[in-house]
Amino acid sequence: MAGVEDQVSSLPNSLPITPRTAPMFHHDDQFGSVPITPRTASVAQTPSILSLPITPRTARTPSIVSLPPSQFHSPSLSRSPLLLTGDHATNKPVKTPRSRGLTPRFITPLGSPLRKALKMTRLDPQDAWLPITESRNGNAFYAAFHTLCSGIGIQALVLPVAFTILGWAWGIIGLTVAFVWQLYTLYLMVQLHENHETGLRYSRYLQLACATFGENLGKLSSAFPLGYLSAGTCCALIIIGGSTAKLLYETLCGATCSNPKPLTVVEWYLVFTCVAVVLAQLPNLNSIAGISLIGALTAVGYCTALWTVSVAEGRLPNVSYEPVRKGSQVNKIFDLLNAFGIIAFAFRGHNLILEIQATMPSSEKHPSRVPMWRGVQFAYLLIAMCLFPLAIGGYWAYGHLIPANGSVLTALFAFHSQDVSRSVLALISIFVIINAVSSFQLYGMPMFDDMESAYTTRCKKACPWWLRSIFRAIFGFVCFFIAVALPFLGSFTGLIGGIALPITFAHPCFMWLKVKKPKKYSLSWWVNWGLGLLGMGLSVILIAAGLYVVIDTGVKISFFNPQ
């Protein structure tokens with residue numbers, strides 16, 4: 001007996017003895033699951049057991065490998081959990097399932113004991129197929145690049161036009177209040193991106209609106225403004241980019257241009273669109289972080305160059321700072337409101353905040369709101385350093401002489417094209433063009449996401465690269481067609497600002513009240529109710545004022561005739 005005991009004790013520790021009643025494992029290639037045979041199975045019933053490797057019983061513990069249990073997930077579209085085990089969980093790359101039918105039926109019930117024991121969560125397989133959530137390796141720097149590129153744009157160049165109506169005092173007050181207000185609501189959006197109770201991440205503005213206000217009301221209140229802020233902005237960027245490209249060509253060539261037939265405005269629109277469509281082939285939001293960085297740097301560059309050159313050239317002769325108010329008392333009131341709409345239009349970009357934050361990894365220990373808010377703070381510090389000097393310096397230099405439907409860029413070329421070096425004017429134009437191309441990618445991404453979402457929902461598989469390219473090319477050239485057909489979109493700046501105002505100033509306050517439920521009559525309750533109701537009221541008034549100004553002053557309608 002002592003010899004037998006010595007032999008048994010000399011066996012290696014890596015080969016534990018498995019009882020005859022141990023569970024018998026086999027591999028399922030379809031589900032990656034681990035079926036367990038009954039404990040009453042005998043050796044005679046399972047003769048292949050002798051050929052199986054002997055493995056410790058703890059080696060096959062089921063685990064969720066797509067995402068850790070403590071990680072936040074986007075709202076599920078399939079409502080089906082994914083369970084992977086064994087070698088799939090450790091040695092082989094995980095592939096996103098291609099349809100709902102791959103989910104084992106026995107783990108489908110949300111309240112099943114097995115689901116609760118494994119802390120399983122609903123995963124959305126479409127998130128890995130769509131351009132906004134395809135990559136989640138973003139960081140605070142990426143967030144700063146995207147936020148800065150979307151926060152500074154061509155809309156900032158029309159701020160001095162609002163000052164010509166409001167004057168110094170009300171112009172600065174309106175700009176400051178709008179900046180602080182939208183920064184506060186942006187903070188609310190960053191906090192609302194993750195829901196700690198449900199473990200969900202709202203990766204798109206419309207998802208959060210529907211989850212908060214209900215499916216019908218959420219789409220009714222947010223779908224059109226969001227669509228316009230994406231597609232409408234891309235159309236405006238084609239108009240601005242193409243026109244500035246023509247201006248650049250004329251600046252560089254001047255009177256010595258030997259080309260007898262230079263490109264027309266429509267042809268410059270087409271050139272700009274082709275460049276934008278080529279860059280739009282980058283697959284997801286994280287992949288355009290470098291483009292957003294270039295767009296942000298060029299935006300800071302042309303904003304700084306415009307106000308510094310304008311101030312350096314000095315005030316124009318006979319410049320006046322008296323508010324331009326013509327007509328009856330009603331006209332003056334509506335002009336004032338339209339000016340506030342122009343300021344509101346300058347602070348867009350909230351429709352992209354949740355999408356930008358969706359590119360970051362997030363868990364309970366390391367939520368995405370921390371690096372996102374750091375990136376936002378840095379971005380908006382630079383935005384303030386650009387917008388305030390541009391509005392104040394531009395108004396100081398040109399006063400009431402700024403064209404009513406123009407901008408600081410238009411005024412610079414109109415009054416200083418002979419005084420300023422052609423190289424400086426060309427550099428500013430190049431910055432504007434590059435920023436417009438970069439912003440096109442960022443504002444077009446939600447539309448790309450919507451088009452691909454329709455395909456993946458219907459076909460239950462990822463969009464192939466060639467179809468993705470076709471979708472984006474179609475979107476780009478539809479925007480080109482609209483830009484050529486409606487070149488007067490810039491005349492509706494105040495009206496557009498009123499339509500988009502709730503997205504930035506009102507809806508986040510109501511979302512905070514509905515989701516966070518602050519104590520009744522507390523400071524947070526009063527602030528959010530007050531700002532939300534004030535934002536909705538201002539939106540209605542600004543829309544009415546924008547329509548009145550357009551009808552009263554008249555808009556030069558020129559279909560298919562851009563100038």
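Keep in mind that glycine also has a Cβ here, set from the backbone N, Cα and C atoms.
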Pick from 142-162, 289-309: which range does TrEMBL record as transmembrane segment? 289-309
Taking the transmembrane segment (289-309) as reference, the highest number of CB pairs under 8 angstroms among 226-245, 424-444, 465-486 goes to 424-444
Same-chain residue ranges lying at least 6 outside the transmembrane segment (525-551) that approach it to Cβ under 8 Å: 181, 184-185, 188, 333-335, 337-338, 340-341, 344, 491-492, 494-499, 501-502, 505-507, 509-510, 512-513, 518-519
For the transmembrane segment (265-282), the distant same-chain contacts (Cβ-Cβ under 8 Å, at least six residues beyond its ends) come to 237-239, 241-243, 245-246, 249, 288, 291, 433, 436-437, 440-441, 444, 448, 468-469, 472-473, 475-477, 479-480, 483-484, 562-563
Considering only Cβ pairs under 8 Å, which range in 168-190, 226-245, 378-398, 424-444 makes the most contacts with the transmembrane segment (492-513)? 168-190
I need to check the long-range neighbours of the transmembrane segment (465-486): which residues 6 or more away from its ends have a CB within less than 8 Å of a CB in the stretch? 231, 234-236, 238-239, 242, 266, 269-270, 273, 276-277, 280-281, 283, 444, 447-448, 451-452, 455, 559-560, 562
